[in-house]
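Asker: Have a look at the structure that comes next, please.
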Amino acid sequence: MTSVIFEREIAPVLRNPLGLVFTVAQPLVFLLLFGPLLGDVPGTGWQWFVPGILVMTGLFATAGAGWGIQAELQGGSMERILVTPVSRASILAGKTLKESLSLLAQAVLIVLVAMPLGFRLHLLPVLAGLALLAVFGVGLGSLAIALAIVTRKQPETFWGAHQFLLFPLVLLSGVLLPVEGGPGWLATAARLNPLTYLVEAERALFAGDFLDSSVLWGAIGAVLTAAVGLTVGARAMRTAAL
Amino acid sequence: MISARNLTKRFRLRRGEVVEAVRGISFDVHAGELVAFLGPNGAGKSTTLRMLTTLVPPSEGTATVAGHDIRQDPAGARRAIGYIGQGHGAGDYFRVRDELVTQGRLYGQTRKQARTRADELLTVLDLEPLAKRTVSTLSGGQRRRLDIAIGLVHRPPLLFLDEPSTGLDPQNRANLAEVIRRLRSEFATTVFLTTHYLPEADALAERVIVIDHGRVIADDEPARLKEQTAKDSLDDVFLELTGRSLRND
C-alpha cells in the first residue's frame, strides 16, 4: 500500500519535473553567490561548500512536504484516504519516500551544477553521501508531516515553527561558514546540534574519504533522525482525523 | 447494516472545557435502507458520521457497521464502507483519473481492475472529458461529481455521505439524487446521508433520523413525521422539532 501512496505522490512531480528545478533555485542561489566568496576562507572551497548546501536543501525541502499535507488536511483528501483500508504507517511512508526521492533528485542537480565550477566528483563516496542524505530526508520529511498535522488547526503556525526550528539548526551546523574557529560557545552549540554530524559526514564523503570517523557518526545521526521522524510521524498520523 | 449503541463523543477544549458533541445516540439501519440524518448546524451529525466511519473514536458506546465493530475492528470496517465527506475528497494536484485509480488500488484492486473501474465511473458521472484534467481546475459541481465517483470505486455495500448536495446547482443535485437512487435499485446499497436540503431528504429517503444537541429527537418515515407534527413540509417538521431560534453552538 505504501507504493500506491508513493505513486500517487510522485505522479505530479514526474509530469512536471521543472517544478523540482524551481524548488532547487534557492539553494542554487546560495551555491552560486556564496561559493565564490568562500574561495579565500581557509579550509573551505567547493568540496566543503556543496555538501553543506545539500543538507540545507534537505531542510528547506521539508517545508514543501508539510505544506502539501496541510493542503490535504484542509481540503478533505487526507480524510478520504484515512477512511480507506490503507494503514496510517503506509500513508506516512509513501509520502516520506516521495520527499526523500525528490530531495535526491535536487541533490543530483546541485552536484551537476557545481561540477563545472570546480567541484571534483569522487563518485562512490558521493553516492554514499547522497544515500545518507536520502535517509536523513526520510526523517526530515516525517518530522515536517508531523509538524503539519500538529499545527493543522492553525496552519500559519506551521511556517513560524518551521523557521524557528530551522534557522538556528542551519546556522549552528556550519553549513554556510566554518564554526570550528569560532568562539567556544559557538563550537559547543555546534557540537550539540545533531545536524553538525551529518554535515561533517557529508563533507568527508564529498572529499572522497570513506574511512573518516565522522562518516560513522553521520550515518548514526541520519538513521536516528529517520527512526525518530517515522515514530513521531506515525504517532501524529493517528491523530490526523481528530 | 449499522447498529449504534450509546455513541458518545466529548471533545476537550483548552482550559479544561469539555464539549459533548454527541450524547448517547442509538439507532439501527437495515440493509438496503436509505436514511437521511438531519439536524441543525452543530447538532452532532458530522461527529456521528466521523465515528461511524472510524475517523474519530467514540468516548463511550460503540457501533457496528457492515458487520465490523468500529472499536474492535476499524480496519475491517473501513474495508466495507464508503465515505463521501464534506470536503473535497480529490486532491488538488492530481489528475482526475489518477485519483480514481489510486482509490481503487487503496482498496486492493489490481492496476488493471482499478483502471477499468475508473473508466466506468468516469462515464457514469459524466466526467470522461475531464479525465486528464488536474483536479484544481475543475468547477465546484465537477469536483463534487468526482468526489462521489471516488466514494463509489470499491462498490461499498454501505455508503456514508456528509452533506453531498451542499453548494450544488439544481442540475447537479438532480444528478446526485439519480446516482443515489440507482445505487439502491441496482446494487441494493445501504445509504446513510446528512443533508440540509429537506425536500431532497423527503424525496429520497424513506426514513429520517433527526438529532439535536447530540441526541436523537425523531426517527421515522417522512410522511409519518409530517402527520405527527401536522405540518405539510419536512422543513416545517424540522423547525417544529428543533425550534426556530438561531443557534450558536
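All positions are counted from 1 along the displayed chain.
Heads up, the Cβ atoms here are built off N, Cα and C, so glycines get one too.
No curator has checked TrEMBL annotations; they are predicted automatically.
Look at TrEMBL and you will find A:14-240 tagged as domain 'ABC transmembrane type-2'. If you look up TrEMBL, you'll see A:18-39, A:45-69, A:101-119, A:125-150, A:157-177, A:215-234 marked as transmembrane segment.
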Asker: Against which stretches of its own chain does the transmembrane segment (A:215-234) lie, if we need a Cβ under 8 Å and a gap of at least six residues from its ends?
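Answerer: Non-local partners: 88-89, 92-93, 96, 128, 132-133, 135-136, 138-143, 145-146, 194, 197-202, 204-205, 209.
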Asker: Under 8 angstroms, Cβ to Cβ: which one of A:18-39, A:125-150, A:157-177 has the largest number of such pairs with the transmembrane segment (A:101-119)?
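Answerer: Result: A:18-39.
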Asker: Six or more residues beyond either end and a Cβ under 8 Å away: which residues meet both conditions relative to the transmembrane segment (A:18-39)?
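Answerer: The answer is 12, 45-46, 48-50, 53-54, 56-57, 60-61, 64, 102, 105-106, 109-110, 113-114, 117, 176.
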